[in-house]
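**Student:** Just dropping this structure here.
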Amino acid sequence: MVILGSTGSIGTNTLEICSRHGVSVEALSCAKNIALLNEQIARFRPKFVCVADESLASEVKILKKSQIFVGAGGLLEMLEACHSQKVVNAIVGFAGLAPSLKTQELGKSLALANKESLVAGGKFLDTAKISPIDSEHFGLKFLLQNRTAPNRLIITASGGAFYRTPMKNLAKVTPSDALKHPNWSMGAKITIDSATMANKLFEVMEAFWLYGTSRIDALIEPTSMVHALVEFMDGSCTAHISRADMKLAIAHAVLENVSENVVAHADLLALKDIKFHKINLKKYPIFSLKEQVLERADLGVVINAANEVGVFAFLKGECRFLDISRIVLAAAKRFADVKIETKDEIFAIDAEVRNFTKRGLNAKI
C-alpha cells in the first residue's frame, strides 16, 4: 500500500499494522520529519518516497532502487507511478485534498484519515469508496452495517484540553496548554482542533458526506470510551464502545479482514463513569456553525481555510486561542453565500479565505 503522511500519528500506527500483518509498503511521504522517514525507509524499504519540502530532499536516505519525489506536484506524480491499489491518506490539513482526488481519479481505494478532504471536497469524492480512519466514523460504519435507515447519528467529543477550564481563563491559555489532550495522543493541529471543537464540526461534516444524512449530532463524553451512537426509527439506540486507540479504525480501513485482537477490550466496569453532556456553544462557538454547514456544505471550504490559518498562527504564538474561533466565525459570515461548482473553485476559494483570515488576524476584526 501507499502511506501519505507516514511520520505522523496515523502514519506511524498504520506502519505498525502493516508490520504486524505482513503488508508491503510501496510508497511513503512526509512533510519535514526526515529523521523518522529515514528510519521508515530502512525498515519498510519502499520503492517510492516523497517529501513536501524540496530543501530537505537531499537528506533522504533512499535505497538504490528507490525513487524520490518532491513537493505537492511530486506527490501526485508518485501516486501515478505506484501500482498499489490502497492509499492511506494521513496528511494533515487542506494539503491532503489533492491526493485524495488523485487517488480516486486513478481508481485506487482510499483509506482516509485526512478530514479536510471531505470537509472541503466531499461533493467531488466518491464516498462509497472511502474507508474512514476515524474512531467516530468507524464506529458509525460498524453500527450501520445491515441495519435499517437511522433516525439520527451521534458522535462524541472529549471536550479537549480545556473541557474543565473555566471560560474566563481561556483568553490566556498557551499552545502547550492546548496540546495536553486528556485521552488521545494526536498531532498538534488536530489536538488544537479538539480544544476548539472544530474537530467535531469537521467530523459532523464528514458524517454528512459519508452517510448521506443531515440528522447528525455530537455530545461530549469525557472518557472517550463511547465513540458513536445510532438511533433507529423504532426507538432503539446502539453504541460503539472501545478504548481510545486509533489502531482499531486503521486496521479495519487497511486490512481485508480483521479477525484477531487489535486493541485491549474496554473495561466494562469503567462504563459507570460515562456521562453525556451538551456542547456549550459559548465555550465552543465554532460548533455553532453545525446547522449552517449542514444546510450549505460548500461552507466547509471556508471554515477549514480560516481554521487552518488560525490554528497555525496560534501554534506560532501569533494570536490567542480565542482568536481561532473568532476568525472562523468571521470568515463564515463573510463567505456565507459561497457556492462551489468545480474542483478548481475549491482551491480558489481556499486561497481567498486564507488571505481574508490573515488580514483579519492582523486587524483584529
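Cβ coordinates come from backbone N, Cα and C, glycine included.
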**Student:** For the NADPH site, Swiss-Prot lists Thr7, Gly8, Ser9, Ile10, Ala31, Lys32, Asn33, Asn114, Glu116; sort out which one of Gly159, Gly160, Gly187 goes with them.
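**Tutor:** Swiss-Prot names Gly187 for this NADPH site.
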**Student:** Look at the Mn(2+) binding annotation in Swiss-Prot, where Asp134, Glu136 are given, and name the residue from Glu54, Glu59, Glu77, Glu203 listed for that site too.
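**Tutor:** Checking Glu54, Glu59, Glu77, Glu203 against Swiss-Prot: the Mn(2+) site match is Glu203.
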**Student:** Can you give me the same-chain residues 6 or more apart in sequence from Glu136 (1-deoxy-D-xylulose 5-phosphate binding site) with a CB-CB distance under 8 Å?
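**Tutor:** Listed in sequence order, they are Ile155, Thr156, Glu203, Ala207, His227, Ala228.
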**Student:** Given Glu116 (NADPH binding site) and Asp134 (Mn(2+) binding site), what distance in Å do their CA atoms have, once rounded to a whole number?
**Tutor:** 13
**Student:** For Ser9 (NADPH binding site), name the DSSP secondary structure in the helix/strand/coil scheme.
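**Tutor:** In three-state terms, Ser9 (NADPH binding site) counts as helix.
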**Student:** Which ones are near Asp134 (Mn(2+) binding site): of the binding-site residues Ala31, Lys115, Asn199, which have a Cα within 10 Å?
**Tutor:** Lys115
**Student:** Would you pick out, from the binding-site residues Thr7, Ser9, Asn33, Asn199, the residue whose Cβ has the largest number of other Cβ atoms within 10 Å?
**Tutor:** Asn199
**Student:** Are there any residues in the same chain, six or more apart in sequence, whose C-beta is under 8 angstroms from the C-beta of Lys115 (1-deoxy-D-xylulose 5-phosphate binding site), and if so which?
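**Tutor:** Same-chain residues close to Lys115 (1-deoxy-D-xylulose 5-phosphate binding site) (Cβ under 8 Å, separated by 6 or more) are Asp134, Ile190, Asn199, Phe202, Glu203, Glu206.
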